[in-house]
Amino acid sequence: MKIALLGYGKMGKTIEALAIQRGHTIVIKTSQIDNVDITQADVAIDFSIPEAAFHNISTCFNNNIPVVSGTTGWLKQFDTAVNLCHEKKGAFIYASNFSLGVNLFFELNSKLAQMMSQFEDYKVNIEEIHHTQKLDAPSGTAITLAEDIITNQKHYTKWSLEDEARALPIEAKRIENVPGTHIVTYKSDIDTITIEHEAHNRNGFALGAIVAAEWLIGKQGVYTMKDVLNLS
Ligand SMILES: NC(=O)C1=CN([C@@H]2O[C@H](COP(=O)(O)OP(=O)(O)OC[C@H]3O[C@@H](n4cnc5c(N)ncnc54)[C@H](O)[C@@H]3O)[C@@H](O)[C@H]2O)C=CC1
Ligand SMILES: O=C(O)C1=N[C@H](C(=O)O)C[C@H](O)C1
């Protein structure tokens with residue numbers, strides 16, 4: 001397939017290398033979608049910056065190009081993007097994390113949250129660790145984990161980076177060269193239960209985004225990685 005890369009930073013370059021290995025062609029690599037003819041591509045993959053994601057995605061809908069977005073930190077505009085996708089009969093997948101491992105971890109996190117909901121002695125917290133160039137905090141993945149926990153129990157009504165009543169605490173750490181680590185901990189006076197996902201590099205995120213793009217071509221509507229990976 002002919003791929004447009006919207007954003008050619010760490011992820012754009014990793015996707016390029018893996019996409020070529022899988023027999024695809026990169027026809028556009030840009031940090032300014034308004035300067036290119038997006039209709040040359042069969043599909044667009046957006047890994048850009050929070051301020052650019054919505055414009056990139058809506059430009060794809062307006063030109064009938066299926067779009068996969070992994071950019072985090074722009075979700076206030078997500079519902080508008082979904083509505084525009086339906087209006088334009090477009091095709092769209094957003095995921096806070098495209099790796100197979102993290103998507104399995106999301107399933108495990110939801111199941112654990114369901115089990116823990118009846119045991120109020122355990123307090124839960126999330127820790128995420130990323131490289132120092134990351135623009136947003138907490139990570140999109142940590143937000144997905146938090147929202148899935150909040151959905152599955154009654155104690156927490158929101159998540160927060162601060163210490164707040166009834167808020168599930170998220171701690172965001174920035175350490176040189178860490179691709180992405182997420183840790184969910186349940187702690188009581190008696191013991192601790194921890195689940196952790198550690199990315200060793202960016203290949204899992206990139207491969208997941210390419211697989212999502214391959215899957216999306218020829219479809220119409222808004223999908224998630226659960227659809228792509230056939231999970232639950
Ligand atoms: N969903 C997932 O699986 C993953 C998501 N991410 C997210 O993807 C995004 C990009 O991550 P990285 O590649 O590590 O960042 P990066 O900073 O290495 O690359 C971002 C690129 O976007 C470019 N850019 C700036 N303005 C732009 C515009 N208007 N349109 C298109 N590109 C523009 C920058 O020049 C830069 O090259 C971040 O939001 C990050 O959180 C990163 C890894 C995995
Ligand atoms: O910025 C990153 O690098 C990553 N961003 C995503 C996020 O915010 O969750 C996914 C991954 O953890 C790497």
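Quick reminder: no glycine exception, Cβ is built from N, Cα and C everywhere.
For H130, the entry in TrEMBL reads active site, proton donor/acceptor. All protein chains considered, the CB of H130 (active site, proton donor/acceptor) has 23 other CB atoms within 10 Å. DSSP assigns H130 (active site, proton donor/acceptor) to a strand segment in the three-state reduction.
The active site, proton donor annotation in TrEMBL covers K134. Around K134 (active site, proton donor), the same-chain residues six or more apart in sequence whose CB sits under 8 Å from its CB are R174, listed in sequence order.
Residues or ranges marked as NADP(+) binding site in TrEMBL: R22. Under the DSSP three-state reduction, R22 (NADP(+) binding site) is assigned to coil, being neither helix nor strand.
According to TrEMBL, the feature NAD(+) binding site maps to G70, T71, T72, A95, S96, N97, F98. Sequence-distant contacts of S96 (NAD(+) binding site), defined as residues of its own chain at least six apart whose C-beta falls under 8 angstroms from its C-beta, comprise G70, T72, S139, G140, T141, I143, T144. Under DSSP, S96 (NAD(+) binding site) is assigned to coil, being neither helix nor strand in the three-state scheme.
Of all Cβ atoms in the protein chains displayed, 20 besides its own lie within 10 Å of the Cβ of G140 ((S)-2,3,4,5-tetrahydrodipicolinate binding site). What TrEMBL lists as (S)-2,3,4,5-tetrahydrodipicolinate binding site is H131, G140, T141.
Here TrEMBL flags 30-98 as domain 'Dihydrodipicolinate reductase N-terminal'.
Positions annotated as domain 'Dihydrodipicolinate reductase C-terminal' by TrEMBL: 101-229.
Among G70, T71, T72, A95, S96, N97, F98, the residues given in the record as binding NAD(+), the maximal Cα to Cα distance rounds to 12 Å.
Per-residue confidence over the domain 'Dihydrodipicolinate reductase N-terminal' (30-98) averages 98 (mean pLDDT, predicted model). Across the range of the domain 'Dihydrodipicolinate reductase C-terminal' (101-229), the DSSP-based residue counts are 47 helix, 36 strand, 46 coil. When the binding-site residues T71, A95, N97, H131 are checked against ligand 1, T71, A95, N97 have a Cβ within less than 6 Å of one of its atoms. Note: the CA-CA distance between H131 ((S)-2,3,4,5-tetrahydrodipicolinate binding site) and A95 (NAD(+) binding site) rounds to 19 Å. Note: the Cα of R22 (NADP(+) binding site) and the Cα of F98 (NAD(+) binding site) are spaced 17 Å from each other.
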